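**Student:** Pasting in a structure now, in structure tokens, and then I'll have a few things to ask.
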């Protein structure tokens with residue numbers, strides 16, 4: 001397989017740099033090895049980058065990889081496998097492994113330098129990655145940590161070149177335009193020269209090494225998803241260039257002030273699912289923090305949310321793709337980067353509503369309609385082919401869910417969604433509701449027959465249940481109900497009212513309460529137990545008219561009926577739709593997906609004000 005056919009990145013590099021031609025078939029180049037993994041199975045539990053870093057390239061067969069140096073072929077990768085350790089264990093005499101071990105041993109000290117003697121013992125491909133021996137007191141930095149990594153070859157090298165400051169502070173390099181002119185032979189396409197120059201860095205003309213014209217820091221070994229300004233600021237936050245740039249730039253409004261710092265955002269990823277192929281550091285760099293659910297993240301500045309991360313996703317590109325007007329994005333990456341990303345996705349250019357601060361699409365503008373194969377210009381087709389809906393489809397939401405959500409919107413308001421943000425927000429809510437309904441459905445499938453019988457004969461039990469207190473005590477002993485709930489029901493004076501409160505409480509508490517109810521009823525009321533759980537036949541006889549009761553008794557019963565069946569404290573005020581039950585207060589209602597009395601799905605609620 002020709003690398004030029006499978007890697008546009010390397011193809012661009014080759015066109016710009018004639019001296020890179022030798023890398024076309026050079027498996028000793030990690031970048032080339034990485035490009036061979038374009039068709040690597042996605043379900044393999046070892047990352048392509050770690051395999052390439054360990055000297056392997058993809059053979060194109062299942063998950064088989066081969067070392068460019070010793071020819072070792074490995075496959076059948078398992079969770080927890082370490083590519084380099086496995087390489088070292090199976091073929092310890094491999095020259096590539098030996099060279100890497102030598103570099104690791106050198107990288108253990110806090111301050112180290114590669115002497116000419118050591119560097120001469122390395123292979124040419126590795127020697128080209130080492131630091132120049134003329135630079136002493138070299139430190140290596142990884143991510144946002146100040147610790148020193150074991151693998152300096154594959155980690156960003158950050159060198160203190162303060163002793164060369166007079167040379168680097170050449171007035172001719174003081175402008176961004178001048179620094180950009182030095183990048184005519186810049187070897188990387190994953191990092192734009194304009195971005196490097198904007199970060200105050202000057203191309204030194206050797207590999208991918210750059211130096212700050214102000215503080216003297218030298219950075220190299222750039223990785224595909226690095227950001228020049230972020231790396232400059234992270235490793236040397238006290239650099240005068242960085243400080244002046246941040247101070248001179250006007251402040252901007254942010255959605256979440258507590259997530260402004262990189263450190264704060266990183267801390268939110270403590271429970272980030274390990275199966276997600278995008279690393280927290282990358283997401284935090286791009287302004288995102290973890291919301292604690294699935295793989296959902298949000299930008300601290302524009303409040304834009306992204307999810308469903310896949311292997312190869314670049315957080316910065318996704319940020320620019322969906323939220324191009326984010327002020328943080330524009331400040332860090334620049335307008336040129338955003339424009340280039342948007343140009344790659346022309347179908348998003350119409351969308352002036354990609355961020356939460358954007359204005360709705362002009363109602364008077366004719367939408368751009370693209371019909372799918374087999375679709376006709378029907379109302380449904382037009383509804384599903386608006387730019388906003390197209391963007392939601394591109395984000396990975398199911399077409400069926402989008403159609404249901406849009407139809408509900410049109411039925412309720414007689415208009416379609418005008419912004420992507422509004423539609424995505426509703427889709428996320430709809431997905432949450434579907435997940436909850438699925439959980440409820442599974443719960444219903446395993447729900448006991450006891451609970452079903454109690455619910456079915458609820459009204460008849462109100463009339464016939466007399467052994468309320470023993471059952472109430474058993475529920476309290478089993479910690480199925482709280483002392484407050486116990487006391488509220490116990491203080492109810494009339495047995496029918498106590499029975500009503502008890503039965504509704506059992507229905508709310510679920511299977512555990514139903515099981516205790518059954519066992520107690522068997523001991524204290526065998527006749528009722530037989531009718532309910534054995535014969536399964538109970539008849540409800542409408543009660544007498546309460547209008548003839550004393551006013552005090554009527555008020556007491558009314559008060560009992562008005563008590564929330566969940567918290568047993570506040571007054572009921574929410575009617576569930578469509579079942580019509582009025583059994584909970586406004587504080588308890590939001591947590592319920594199904595009516596605690598009939599188990600019907602709650603499609604809507606109506607706030608009531610009882611007088």
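Glycine too: its Cβ is placed from the backbone N, Cα and C atoms.
Reproduced below are the annotations present in Swiss-Prot:
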BINDING   299, 302, 319, 326  Zn(2+) binding site
DOMAIN    446-536  domain 'CARD'
REPEAT    30-97  repeat 'BIR 1'
REPEAT    176-242  repeat 'BIR 2'
REPEAT    262-329  repeat 'BIR 3'
ZN_FING   564-599  zinc finger
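Locate each feature and note its surroundings.
**Tutor:** If you draw a 10 Å sphere around the CB of residue 299 (Zn(2+) binding site), it holds 28 other CB atoms from the protein chains shown.
Confidence over the domain 'CARD' (446-536), given as mean pLDDT on the 0 to 100 scale, stands at 83.
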**Student:** Please report the three-state DSSP label of residue 326 (Zn(2+) binding site).
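**Tutor:** The residue in question, residue 326 (Zn(2+) binding site), is coil (DSSP, three-state).
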**Student:** Is the zinc finger (564-599) packed against any residues at least 6 beyond its ends, judged by a Cβ distance under 8 Å, and which are they?
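**Tutor:** Those are 433, 436-437, 440, 444, 455, 458, 484-485, 488-489, 501, 504-505, 507-508, 605-610, in sequence order.
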**Student:** So, in DSSP terms, is residue 299 (Zn(2+) binding site) helix, strand, or coil?
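**Tutor:** The residue in question, residue 299 (Zn(2+) binding site), is strand (DSSP, three-state).
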**Student:** Please count the residues of the repeat 'BIR 2' (176-242) that DSSP assigns to helix (H, G, I), strand (E, B) and coil.
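**Tutor:** DSSP classes over the repeat 'BIR 2' (176-242) add up to 23 helix, 10 strand, 34 coil.
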**Student:** Taking DSSP three-state, what's residue 319 (Zn(2+) binding site) in: helix, strand or coil?
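**Tutor:** The residue in question, residue 319 (Zn(2+) binding site), is helix (DSSP, three-state).
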**Student:** So how many other Cβ atoms are close to residue 302 (Zn(2+) binding site), meaning within 10 Å of its Cβ?
**Tutor:** 28
**Student:** Please list the DSSP helix, strand and coil residue counts for the repeat 'BIR 1' (30-97).
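**Tutor:** Helix, strand and coil residues of the repeat 'BIR 1' (30-97) number 27 helix, 8 strand, 33 coil.
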**Student:** 10 Å Cβ neighbour count around residue 326 (Zn(2+) binding site)?
**Tutor:** 28
